[in-house]
Structures are given as structure tokens and as C-alpha cells.
Amino acid sequence: MDNQATQRLNDLSLEPAPSHDEQDGSGLVIDIDQRKIGDEQAGVVVDDETPPLEQQDSHESLAADSRNANFSYHENQQLLENGTKQLALDEHDSHSAILEQPSHSTNCSSSNIAAMNKGHDSADHASQNSGGKPRTLSASAQHILPETLKSFAGAPVVNKQVRTSASYKMGMLADDASQQFLDDPSSELIDLYSKVAECRNLRAKYQTISVQNDDQNPKNKPGWVVYPPPPKPSYNSDTKTVVPVTNKPDAEVFDFTKCEIPGEDPDWEFTLNDDDSYVVHRSGKTDELIAQIPTLRDYYLDLEKMISISSDGPAKSFAYRRLQYLEARWNLYYLLNEYQETSVSKRNPHRDFYNVRKVDTHVHHSACMNQKHLLRFIKHKLRHSKDEKVIFRDGKLLTLDEVFRSLHLTGYDLSIDTLDMHAHKDTFHRFDKFNLKYNPIGESRLREIFLKTNNYIKGTYLADITKQVIFDLENSKYQNCEYRISVYGRSLDEWDKLASWVIDNKVISHNVRWLVQIPRLYDIYKKTGIVQSFQDICKNLFQPLFEVTKNPQSHPKLHVFLQRVIGFDSVDDESKVDRRFHRKYPKPSLWEAPQNPPYSYYLYYLYSNVASLNQWRAKRGFNTLVLRPHCGEAGDPEHLVSAYLLAHGISHGILLRKVPFVQYLYYLDQVGIAMSPLSNNALFLTYDKNPFPRYFKRGLNVSLSTDDPLQFSYTREPLIEEYSVAAQIYKLSNVDMCELARNSVLQSGWEAQIKKHWIGKDFDKSGVEGNDVVRTNVPDIRINYRYDTLSTELELVNHFANFKRTIEEK
């Protein structure tokens, strides 16, 4: 790198310049050197050692004063060092950004005042330099001098420049000092940004092919019908009056016979390809595919490329500094705008944190209740249903009373300590012990009776307690859950049994949607002889889904259930080592080894089958499914690269703190991350070390979730408990929590028409246009800051990546 390029990089260093500021009598912070200039103009003696650059005439000093009032410290220093004097003269000559003289100056001429007024009337010119180029890379940024600082500088308040509700106090990018750097960047910087753009393009390709983008999902189209219909609103926003309505629970309204079941699709068929993935083709034409899904080889080539980029030293340093900059920018924003945010929030009628919509974006269904609730339920069944036959064990049917007598327990003996389902210190870094906590009193038979959908009583008890939890959710009105429910891939009829459990027991609510979790347990099934190869699991998981997509009448209950399913999750202990025994991974039908396939292999076969399925479902007008696996909780950070390519969002993601380049990519693409600090605290990472607050400050798309209330929560409202602990430990403001609640709704899989009611009719638009503060209680100023910061980062990527394309074209 030559000396000029090095100097340009040093000029744009993110290191803060030394501060030489003091408070004046009004409490405002001003620059000492600029104050001296103002004193000199007023006739006050100035130190003879004042640098020549600061001995400016009245026009120059005023221009510098006005800018310094709105610039951050290091940008102010940078501006002075790179020719403020010449800049002010240029702007004066071109009449592009002339400000009024301070009232205390005795050398102010009437021509200068007229020029200043002309400058105020052309606000667009005021935001440009003498070359006509914008001062900030983001066209949407509104950097207007705050009224208090205008008064201090002596400039009158002009109505045309009154700050809007979405503008915020912030330093501007001094492009006069960096324009040459932007126009002639170093080759290293071009290469780094080109790699970022390449990775983003790869993700866009995989997401588009698999129809995982929100705007591709038919359920987000205007004509989609939700059945049972969502509750009628009890408030008319037009007349601002309360409307008396009576909304019945969905379980009472739902009638399976009223559900529309379409007929067979004669145009398309499905079969297995060479990679043992299901593909969809024209009937009778196996070579005419509905979509070209990336092969296993293509996927691993792309994965290796991304891993190589993310582990490159300069790329890691670059991403780390960008993330540090984002965090520092947040700290400055929060320092200057905290009270304005609070003021807007207080003026918003009716809304506060408790009555904005929030979604528990990651919670396992079998652990959706707390211990006290489960204990009361077990005691109730022992009192009222003790003679009911509940399990077939040891060659005979046992009643509930006989089961507890075999355990030498009565209802009176039961307590929270007896259940022993809470994750205490002994589960830290012991996922095997944590899994045992799903067994009440350590007995698998009680888990089978009370916490399974597929048992002798057909999951009746689990349906009953789930309805009680749902009743609490519906009463709270503003809390919603996305429950993970298991399909193991051990047999072809699992999907039909699960769908029958949901439909027959009417476990249906407008507060609940489902994700199907796939445990990575091939090695156990292989050892017990349930499956012969990995292909058996893939077949059991996906063949019923392709069958019901081709002909919904072949599995009518499954078709109705899938309308309430958002997508797939992949679960298990990530800390297990992925040993690579093959130079080239075999396809599933040839994977007969006893070892479990690696995480990346599991994820690809979930992705490839879901991609073909989604293409077909979208063509038929059915809702599509997304991939939202557990990822980055423990184990190899490379799991996060696989998920970045293939998944719509992830759960946990705490290992992103170790891979800054991948974390930067997650920020740029706003990949949804459902974080559970209380869960991490019990298993893998103590609460104080959790990266959640840093992710939030930097602008990653994070939400809070409970994971397993049965193991981690003590109250009847585990989601509120999660928020409250985070607010206390991380000192989150009310606006912060409302922003997290809004994030959770955006990440969730509810239909667009429901999200419009929850967070605003234009929620899918970018920036302030997509925010409805009346519904979200998030001030426009916060949304504008988030959008402006992200836009600037994306524009930087596009700006510098274009240089490489231009060079290659030449």
C-alpha cells in the first residue's frame, strides 16, 4: 500500500481523536480552539500560539463553528486537519451552504445575511459539498442542526428546517475529507468489500431458490384466508373509540368439516434425484424440474468458500472494526437521543411494553409450561382420573394410580423438588443431564404419559395442559408463541399422527403457530435397528409432505395442520464433535455407518427437500415453510456459516461473538436470531457474558425467547420473565424492550394480514414508513437511526464492490 493510501486509511480511522472540549455557561459542550476564535472576533485577547489554520476570518470561523456543533469529536478533528478553511471558502463562493453570522460578531455584512437566508431556503444544497456530492452515503439521512445548537451559533430558527419526528442528533460523515478515499480506494478495501458482497449474493441465491423470503410466501399475499379468522379488534383507530366485541377461542370456532381440501395436482410429480433429495418435475418428463436446487457438491463448494473468507485474517480484522464502529455509533446516538425517545414514548396513548405484541420465537412445546403448572396438573389427574389406563408397560396396561404406586409416590408426596425438572448448576456444559430433566421425577414413563403426543392415550394429557397454557396466552392477548413440536423420522405415519393430535384435540389458537423440530438422532436409530441408512429418515420426514402437496385429500388433516406450521427446526447437542470420516460425503442411501452425519450435512438435506417442496407449494398457492434451526449455541462456529446460507433465521447464535466476519454478514442481511440468555446461562454461557446486549447495540436482528420454561422459568408468564431479567441485568429501556418485541413479530411466521394489525399496515416497508408508533411504541427516531445505519453499511458494500466489477470489465 502506498503512502497516500495509508494516509487516507489513517484519516478514516475509527479511533477517537483527543477531546479538547469544555462546557460553556449554558451547559453546552464547545471546542476550546473554536471558542478562542469567537473570543478573538469579539475583541478578546487570543493566545499567540494559536495555530495559523485557526486564525480565520469571520466567515470561516462561523462555518467551522456551525459544523462543529453537529460533528462528533473525531470528525471535527478530521475536518480541521483536511482543509476546513478551503472548504468554507468554496462553499461561500458557490452559495451552497452559507450560514448566518452570530449576533455577537461586529463584522457581519448585509450581503452575508442575505446569502445565509438564501442558503436556508435551499436545504438540499446545504447537505452537499462544493462538488454537489451528498455529505452522507445514505440518501435518507436527515442531519439537521439541533435547535439548541442553532441558537448557540447565532442562527435563527427557520420553519423550513424544523426537525421532523424521525430526525436524530448525530455526527455526519465528513465526505470532504474522505471523498478522494471513496473515489480511489485501496485494492485491499475493494477486495474485502467484494468478499462481503459475494457472500451476500450466495445467501440471496439459496434463499430465493428455496422460497424462504417473506414476499414469496403465498400466505403473505392479500387474498390469503386465515381460518379460524383472527379476533375482531376492540378499538376503532379511526373514531378512537372502544368497540364492544365478543371473541370466542379458536378451539370453539374451529370446525374441520369447514376446511377446504383441494384436489390432486396432475401436472407435477416428485421423485428422488442423484443426491437422494426429492425433486419435483413435470408429469412424464423427469428432466423438466420445477427448480434447479444446488447439489450437495455445489453446497459444500460454497460453504468452503465462505469458511475460507470468514477465517481470513484481514477479513476478520475488517469486520471486527466495522462492528466496533456500529457499537460506538449506537453509544453516541443513545447518549444524545435517549430523553427524546422517552418523551415520544410517554406521549403515545395506551401503549407500553405490556400491551405491545410480542412473540416467543423459540419455545419447545413439551416444556411450554412451568414446573408449578405441571405439578398442579399431575395432582389434578391423580385425584380425578387415577383409574384411567394410561400406559402399556411390562406386558400389561397400568392405570395412573398403579404407575405412581410402582414409584412409591402419592399425590401428597409430589413437590417441585420431587419433580426435579429445573436446570440447576449440574447441567452447565452437560447437555446429557439437561435432556434427563424432561423426565418428571427422573422417570421416562411419566414423560411418556404427560409430555408425549404419541402414546397409549393419544396425547390427551399433553393436549389438556397445552390448552391451559393457550388459555393464559389468549387472556394476555399480547403474548404469542411459536411452539417446536417433534417429528423424529422413525416411521412414515408420524406426520399423520401429529396432525390428528392437533386437529382432533383442537389445539388451535390465534396466539400459536408451530415449527416442526427434527432431532439429529440417526446414530441412536441406527444402533437400535430402527433405520438402515440416513435415507430412511429423509424418506419418513418428507415423503408424506410431498404426497399431501400433490393431493391434499390423501392426508386431509395433515393439509390443515400444515397451514399452521411455519417451518422446520433442527435440534440436538451442538457441542458434539463433527468428525469427518469421508473425503467426499456419500449420499443418504449410502450413509450406513453408525456415526451421525455432521451438522452441515443434516442442514443441507433439510434445505434441499424443503426447497423443492416450497416451489411446489407456492405454485399450488399453499403456504411455504422456512428453515430456522438451533445454531451457534455450542460446538463448531462453522455451523453458523451453514445456517447463513441455508436458513431463514436461527435460534441462540451466541457463538457469533467468535466469528466477527460472519456476525457482520448476519447484521447486513438482518438474519433473525432468537436468543435465550436464561437458557444459555444454565447450559453454556453465564448471563453476564452473553453477547445479546452487544448484538442489540450493533443492530443485529435479535429477539428474546424462553426456550424451555419448564426448565428455566418460575412464573406463569415466562416470556415477560425473560424480558424482565434482561431489562434488569442489561439496563434496557422501555423503548429497547418495545423494539425487541417488534423484532420478534417481524421474525415470526404469522400471516402478513395479522402482522399489519399488530405492528402497522405498512410494516413491510423500510425505515420510518414501516413503523407505526401507535402500535409498536417504538419512536420513529429509533427506527430512523437503525435504518440509516444499515443503509450506510449496505451502500458502502455496494460502492466498493462496484470498483472490482468495473476493473474486471475493463
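The backbone N, Cα and C atoms fix where each Cβ goes, and this holds for glycine too.
Swiss-Prot lists His362, His364, His630 as Zn(2+)-binding residues, and of the candidates Asp274, Asp275, Asp276, Asp707 the one it assigns to that same site is Asp707. When you go through Ser61, Ser96, Ser283 in Swiss-Prot, the residue listed as phosphoserine is Ser61. Of the candidates Ser138, Ser444, Ser713, Swiss-Prot marks one as phosphoserine, and that one is Ser138. Checking Ser58, Ser72, Ser110 against Swiss-Prot for the annotation phosphoserine singles out Ser58. Looking at 114-137, 570-593, the stretch flagged in Swiss-Prot as region 'Disordered' turns out to be 114-137. Close to the recorded Zn(2+) site, the chain also has Val363, Arg484, Asp569, Val571, Ser651, His652, Ala674, Ser676, Ser679, Ser705, Asp708: residues not among His362, His364, His630, Asp707 whose Cβ is within 8 Å of the site's Cβ mean position. In this structure, the recorded positions under consideration are His362, His364, His630, His652, and the one with the smallest number of other Cβ atoms within 10 Å of its Cβ is His364. The binding-site residues in question are Asp707, Asp708, and the one with the fewest Cβ neighbours inside 10 Å is Asp708. Checked against Asp708 (substrate binding site), the recorded positions His362, His364, His630, His652 differ in C-alpha distance, with His364 being the nearest. Across the fold, the C-alpha of His652 (active site, proton acceptor) and the C-alpha of His364 (Zn(2+) binding site) stand 13 Å from each other.
In the three-state DSSP scheme, Leu710 (substrate binding site) is classed as helix.
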